[in-house]
Amino acid sequence: MAAYGGGGTRWRRTERRDYGKMAAPAGRGGARLRLRCSPGAGRGGAGRGGLGRAGSAASGSKGVAGERRRMEGGERLLPKGFPKLKNDTFLRAARGEETEHTPVWCMRQAGRYLPEFRETRAGQDFFATCRSPKLCCELTLQPLRRFPLDAAIIFSDILVVPQALGMEVVMVPGKGPTFTEPLKEVEDLLKLRQKVDVTAELGYVFQAITLTRHSLEGRVPLIGFSGAPWTLMSYMIEGGGSTTMAKAKSWLYRHPEASHRLLQLLADVITDYLVGQVAAGAQALQLFESHAGHLGPEQFQDFALPYIRDIAQAVKSRLKEEALPLVPMIIFAKDAHYALRDLARAGYEVVGLDWTIRPQEARAQTGKDITLQGNLDPCALYAPKEKIGELVKKMLEGFGTQRYIANLGHGLYPDMSPEHVGAFVEAVHAHSRHINKHS
């Protein structure tokens, strides 16, 4: 998951865009693997150990080349003929199956802490980067070249959904993402697109997923994601980040009916968007309710949880109807400890946790039929490597090594050391294998 940002103009009714043009990535990083973002990545020669040849074996004698379709300005791979998955540990854990080691990935694992990420992004407008499938693919693969992660997450941003509704975001230096014209009055809802063609508006994300899935060559599964309705609504009303979310919360009290209309509109678009990501090749989905902690239990029950439930139900129903894979879904509602029991019954295979709850307490609230994900304090990665190992061991002992996916309690920070991220990943694998061997 990316940090938020972007650029553009004011309210707009956008025309269909050409997302076929893919800018070449500016930087390369890491030496562990030579995964490349290329329309021919699945056909051969891209990496050591035969990684580049996986696609041709999976898709027949003509390989991925036979799956291509011409687009104006370039070529695009189609979402089929994907290379066979080699490491399914993450998916097995998400589904509650036994694993030899605990899988691990990090939120914002494609981020500014990596020098190659900064090199690739240098001079690039944020949302222009998000609209380039090839750049998104490159950024997604960079941490996989460095670390033995068990999953990749597509480089994108949760604010592409408000953009699809017709809003515009700019990145203001020193401030962060800013909506040029946030929602102020109920009448402003009329400015939003009431019906969104996600293929037309967000097709660049789908293309990035397909390209990345092929370019991963089956190394690990690929996660797609979206922001949840309340989190997106709060950005759209606040106009950016906020410590109190007072403007957005005032809508819940002053305009409850209009709030529900907006939340339902967002839920409908998010459902289409997530289904489209699976159709494009995503093998798991995460819903980020990042601003859950700004709501009390009653408001969460009224304005967040119903839409979280509806999205899970609608996505799974649509996947069945369209004969698409029933991928595992993850809900991450930051600071919503009061709702863990409800979230465990909301239709998601995995519940993500921040670092402010003890593993044993989370297990007690969610029960034995849910996989948990998290929840090391991101700031623990500032500790010496030996201390990181100790904290990981304690975390694994608290959660147990089964029905568990190791992660941080939030995203990686820009000033973190890649070496310490690597120490975290390797400690999860080493300690979980040791625990499993002696249990």
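We number each residue from 1, going along the chain as drawn.
Every residue, even glycine, has its Cβ placed from backbone N, Cα and C.
Listed features, source TrEMBL:
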type	residues	note
REGION	1-73	region 'Disordered'
COMPBIAS	41-53	compositional bias 'Gly residues'
COMPBIAS	54-64	compositional bias 'Low complexity'
DOMAIN	103-112	domain 'Uroporphyrinogen decarboxylase (URO-D)'
DOMAIN	223-239	domain 'Uroporphyrinogen decarboxylase (URO-D)'
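If you look at the domain 'Uroporphyrinogen decarboxylase (URO-D)' (103-112), the same-chain residues 6 or more away from its ends with a CB under 8 A from one of its CBs are 1-3, 89-90, 92-93, 118, 121, 139-140, 142-143, 147, 149-153, 155, 223, 332, 405-408, 410-412, 414, 421, 424-425, 428-429.
Counted with DSSP, the domain 'Uroporphyrinogen decarboxylase (URO-D)' (103-112) comes out as 0 helix, 1 strand, 9 coil. Residues belonging to the domain 'Uroporphyrinogen decarboxylase (URO-D)' (223-239) score a mean pLDDT of 98 in the model. In terms of DSSP helix, strand and coil, the domain 'Uroporphyrinogen decarboxylase (URO-D)' (223-239) has 10 helix, 5 strand, 2 coil.
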